[in-house]
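Structure first, commentary second.
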Amino acid sequence: MITMIRRFIRLDAAAGMMLMMATVLAIALANWSVTAAGYQQFLMIPVEMRFGALEINKNLLLWINDALMAIFFLLIGLEVKRELVEGTLASRQQAMLPLAAAVGGMVFPALLFLLFNANDDVTRAGWAIPAATDIAFAIGVLTLLGKRVPAGLKVFLLALAIIDDLGAILIIALFYTQQVFWPALAGAVLAIAVLAYMNKLQVGKTSAYLLVGGVLWVCILKCGVHATLAGVIVGFFIPLRTSDGEPSPATSLEHGLQTWVAFLIVPLFAFANAGIVLQGIVLEKLFSPLSLGIAAGLLLGKPLGITLFSWLTIRLGYARLPVGVHFNQIVAVSVLCGIGFTMSIFITLLAFSGGDAELITYAKLGILLASGLAALLGYLALRGVLPALDKAV
């Protein structure tokens, strides 16, 4: 288990660097006169998929957001299942602290966002934007402090971020679903029933789950629910153990996907969605309720919610601090959780999918600026509270 955590942290640290480079490249290409048109044209390339009478025709940007991100969510589903069954969330005592912290870290940012946007029917739809944490960026910053970071603090951040991702998935399913097409939903329910039956029989063929998962993805896409949720559902049904003692299908797939997700899918998502055209940006609009609500949620709501809910959970005796971790380190890492980026941008695209492109631009700017500031402040806070290297646990 410790080996898996270390591998995960190394991957996410490198992925954080890749994300940063992809973001900078996207902004540069979108704003350089020589490449700006080509960048937009590249994302608008039509890609068509046909299977008999079934036809799915989308541009490259939507394929990245709907199809490739489903693989990202498949990995999240596998990680959440592993942690729930045999990892840091497997027992009540282990799970309570990161669970409470994650809930506080979602509720407070949403409330702060609504304080700024409660009276605007359009921007109010973005209430969940600051509720997410980008695990790759957060872990990337944490690893800059090397061996000074206690193992318990790393596990706490990983568990918190995984629960946070699960919360974001539930929010997407419950609040960002368009009008439902019932025949396609019936097909999705049937596909889920097949997955459940395969899991009950402990079918060990990963390819069988992925094949049914492909059908589920198409059904969910057609029924109006966001198609990326298919990835999470498939991840939950792939078994961790098989009756014949073969290697775990879920663990094998998780290891196989981690590198592709970390170094291709998530950076490609950032490259496709972070290319904000800065020409015409009005400074005053950076201080609009939308941008301020996002910034307040990420920079204030995240640390306040995580810190308060963690303190209450420990105070009431429902949880204990991890071994070698002090509460001021929990406070410092809560600032780091204000890095929203990938999931925040993803929710932005859902919240304003039928609205003004200008709203999306200023929401993305708010996310990028607040996430960058959270990374800097979180690093400085951790640097101040972590023990010197010769005293590190």
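For all residues, glycine too, the Cβ spot is worked out from N, Cα and C.
What Swiss-Prot records for 14-34, 60-80, 96-116, 125-145, 155-175, 179-199, 218-238, 263-283, 292-312, 330-350, 362-382 is transmembrane segment.
Using the rule of three or more Cβ pairs under 8 Å, pairs at least 6 apart in sequence, the transmembrane segment (179-199) is not in contact with the transmembrane segment (125-145).
Using a Cβ-Cβ cut-off under 8 Å and counting only residues 6 or more beyond its ends in the same chain, the transmembrane segment (362-382) has close neighbours at 23, 126, 129-130, 134, 137-138, 141-142, 144-145, 149, 273-274, 276, 281, 285-286, 288, 290-295, 298-299, 302, 329, 331-333, 335-341, 344-345, 348, 351-352.
The stretches the transmembrane segment (14-34) and the transmembrane segment (155-175) are not in mutual contact, being linked by fewer than three Cβ pairs under 8 Å (pairs 6 or more apart in sequence).
Of the candidate ranges 263-283, 292-312, 330-350, 263-283 has the most C-beta pairs within less than 8 angstroms of the transmembrane segment (60-80). A contact links the transmembrane segment (218-238) to the transmembrane segment (155-175), because at least 3 Cβ pairs that are 6 or more residues apart lie under 8 A.
Of the ranges 96-116, 125-145, 155-175, 330-350, the one with the most Cβ pairs under 8 Å to the transmembrane segment (292-312) is 96-116.
Residues of the same chain lying 6 or more positions beyond the ends of the transmembrane segment (96-116) and with a Cβ under 8 Å from any Cβ of it are 88-89, 124, 126-131, 133, 156, 159-160, 163-164, 167-168, 171, 289-290, 292-294, 296-298, 300-302, 304-310, 312-314, 318-322, 330, 334, 337. Sequence-distant contacts of the transmembrane segment (155-175) (same chain, six or more residues past either end, CB-CB distance under 8 Å): 5, 8-9, 73, 76, 79-80, 83, 87-89, 94-95, 97-99, 101-103, 105-106, 128, 131-133, 135, 138-139, 142, 225-226, 228-229, 232, 306, 322, 325, 330, 333, 336-337, 343, 347, 350.
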